[in-house]
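S.K.: Please find one structure pasted underneath; my questions will follow.
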Amino acid sequence: MSIKPPSISLLPVSPEQLVRLQSEIGDFSPTQLAWLSGYFWGMVNQQPQVQAVVPAVPAQETITLISASQTGNARRLAEQLREDLLAQKLNVNLFNAGDYKFKQIAQEKILIIIASTQGEGEPAEEAVALYKYLYSKKVPKLNDTVFAVFGLGDTSYERFCQAGKDFDNRLNELGAQRLLERVDGDVEYQQVADQWRKQLTGILKQRIPTETGTEITSAQDRSVNEVFSTSYTKQAPLTAALATCQKITGRGSDKDVRHIEIDLGDSGLRYQPGDALGVWFENDPELVDEVLNLLWLQGTEQVEVNGQKLSLREALISHVELTQNTSVIVEKYAVLAKDEKLLSLIADKQALQQYAHNKPIADMIREAASQPEAQQFIDLLRPLTPRLYSISSSQAEMENEVHLTVGVVRYEIDGRARTGGASGYLADRLQENSDIRIFIEHNDNFRLPADPRTPVIMIGPGTGIAPFRAFMQQREADGAEGKNWLFFGNPHFTEDFLYQVEWQRYVKDGLLTRIDLAWSRDQQHKIYVQDKLREQGEAVWCWIKEGAHLYVCGDANRMAKDVEHALLDIIAEHGGMDTEQADEFLSELRFERRYQRDVY
């Protein structure tokens, strides 16, 4: 049903909150809406934002807890810690890093940061503004602050947990005192996180005495996502059906990009443009057989994974990573195999990291043969983790479907074809109507403007175009009046113009106001989206002055950095600013949610 909102000035909610709410209840019946109104009224009256016991003694110190999350893990851990602290009758306010007013940091007495790392050791996207502020000349001394940091990362990357390390070091440099040493968590972090939570809660309970009658407060920042969340999660995914897997690059393309449609049926799974889809996958049985043969194992041996007993073959297919090597795995395997070449790498961290990056697990075993026990080998490997893909559809148009735009990872090692774990699973091994286990990873840091009249600039080369297809479907469904400008790039026009017909229709219909295309291999000199941005610098600056929101999606290591440099150059040149002023201006756009990135 369609609901016409009253004047924003009369509402106790922001325009952004109203739009998010409307997107969630758009298909609710009048009966359901009436029930919801009573539900929310009851929630407000039964669960007030400040839970009070009879106030008596002076208010205790409040703990400020900041989650800097990239894929939701830091946020979930922060919520677990908040519950621990509340159970001990401690005051705690939980903030997403993007919502934290960082200039109030000088007033913080107890500061806890849980920080994910993305790309090449960079902070999570929502934490960039806070990170830059802490390293700026404006940041005050924090001599009256105590703090603790938990870092989340992945040992397959060279700068493991670098963002957590940076936050920890910088707070200490500013005069803050550690409550306990920083802890770094790998992909399978829950056990060390549980220990850290228990230790930190004990320290804080001793530091902050509580008495009967103390008023206990907690920021209740329930989002629309939480209110309307379904029962499907990473741990309990939805089993949906693969409806379509269609190659959308040409025969002559060096890239294999798939348009994937998944049927949600009557599951009730909900998502918004900007969200990601988590996909659980299985390893290629042929790869599993190759590994078993190289190790002289049968696959029928019994092993234990997370307390569950199963065959080695089943464990290798469904429970552990086989396509992502890490320096930790190389080091452990070197000791197990007693291989001199691998053992020599251990002393050279950079060489070890490079070897792990370039040599898949199967090829490492081929180079350094060994005959371990089945359980020994399983214990070397990391648990299988789902892959996240930017959603390329809007439920306003696709209803009970979710679409993905997936680049299939294909390469060769010494003449042997290798394929990405999840992308190969989707493209090569699943058939139409096959079951696929999925869940939604909400991303409130990549959302369309609340005001449909706001201009939008979308920058997404390659499969980075995915969320912008969802954006345009949503803007069309909403009848949004705001202008839309797309910057897209790929190697060749004839082979790699993803969703060409759809973009041409949007241009023809007037929904897509402008489109700039960068084909890097169609001429002698390479042209990328950042070059097109600079070429249109004056117009881009005009749109920014008109209030445009900027969105970037795609490769974090090169493209996103090059695009940011181009934006800084545009702001400096056309805004009449020096380098420092341009950087502050872009940081302000980020803080205002006018510059958002979904990079990986």
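Think of each number as a place in line: the chain as shown, counted from 1.
Keep in mind that glycine also has a Cβ here, set from the backbone N, Cα and C atoms.
The domain 'Flavodoxin-like' annotation in Swiss-Prot covers 63-201, and the record cites sequence analysis as its basis. The FMN binding site annotation in Swiss-Prot covers 69-74, 116-119, 152-161. The domain 'FAD-binding FR-type' annotation in Swiss-Prot covers 235-449, and the record cites sequence analysis as its basis. Among the features that Swiss-Prot reports, FAD binding site is placed at THR323, HIS357, 387-390, 405-407, TYR411, 420-423, TYR600. Sequence annotations record features per position, and here Swiss-Prot assigns NADP(+) binding site to SER520, ARG521, LYS526, ILE527, TYR528, VAL529, GLN530, ASP562.
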S.K.: Can you tell me how far the Cα of TYR157 (FMN binding site) sits from the Cα of TYR600 (FAD binding site), in Å?
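M.R.: Cα to Cα, TYR157 (FMN binding site) and TYR600 (FAD binding site) are separated by 13 Å.
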S.K.: Could you state the CA-to-CA distance between SER116 (FMN binding site) and GLN530 (NADP(+) binding site) to the nearest Å?
M.R.: 27
S.K.: Check each residue in the chain of GLY119 (FMN binding site) that is at least six apart in sequence and keep those whose C-beta is under 8 Å from its C-beta; list them in sequence order.
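M.R.: Correct list: ALA556, ASN557, ALA560, VAL599, TYR600.
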S.K.: Cβ neighbours within 10 Å, counted over all protein chains: which one of the binding-site residues TYR157, PHE160, TYR389, TYR528, TYR600 has the most?
M.R.: TYR389
S.K.: Would you count the other C-beta atoms found within 10 angstroms of the C-beta of ILE527 (NADP(+) binding site) for me?
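M.R.: Counting Cβ neighbours of ILE527 (NADP(+) binding site) within 10 Å gives 16.
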S.K.: Based on Cα distances to ARG521 (NADP(+) binding site), point out the closest of the binding-site residues SER69, THR405, GLY407.
M.R.: GLY407
S.K.: Please give me the CB contact count at 10 A for ARG521 (NADP(+) binding site), counting all chains in the structure.
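M.R.: Other Cβ atoms found within 10 Å: 14.
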S.K.: Around the C-beta of SER69 (FMN binding site), how many further C-beta atoms are within 10 angstroms, looking at every protein chain?
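M.R.: For SER69 (FMN binding site), the 10 Å Cβ neighbour count is 26.
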S.K.: In sequence order, which residues at least six apart in the same chain have a CB under 8 Å from the CB of ASP154 (FMN binding site)?
M.R.: THR117, PHE160, ASP186, VAL187, THR326
S.K.: Please identify, among the binding-site residues GLY72, TYR389, THR405, GLY407, ALA422, the one with the smallest Cα-Cα distance to LYS526 (NADP(+) binding site).
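M.R.: Ranked by Cα distance from LYS526 (NADP(+) binding site), first place goes to GLY407.
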S.K.: So of all those binding-site residues, THR323, TYR389, GLY407, GLY420, ALA422, which one's Cα sits nearest to SER520 (NADP(+) binding site)?
M.R.: GLY407
S.K.: By DSSP, how many residues in the domain 'Flavodoxin-like' (63-201) are helix, how many strand, and how many coil?
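M.R.: Tallying H, G and I as helix, E and B as strand, the rest coil: 58 helix, 35 strand, 46 coil.
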S.K.: Nearest of the binding-site residues to TYR389 (FAD binding site) by CA-CA distance, picking from SER69, ILE527, GLN530, ASP562?
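M.R.: Among SER69, ILE527, GLN530, ASP562, SER69.
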S.K.: Would you count the other C-beta atoms found within 10 angstroms of the C-beta of ASP562 (NADP(+) binding site) for me?
M.R.: 16
S.K.: Which has the fewest other CB atoms in a 10 Å radius around its CB: THR323, THR405, SER520, GLN530, the listed binding-site residues?
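M.R.: Taking THR323, THR405, SER520, GLN530 as the binding-site residues, the minimal 10 Å Cβ count falls on SER520.
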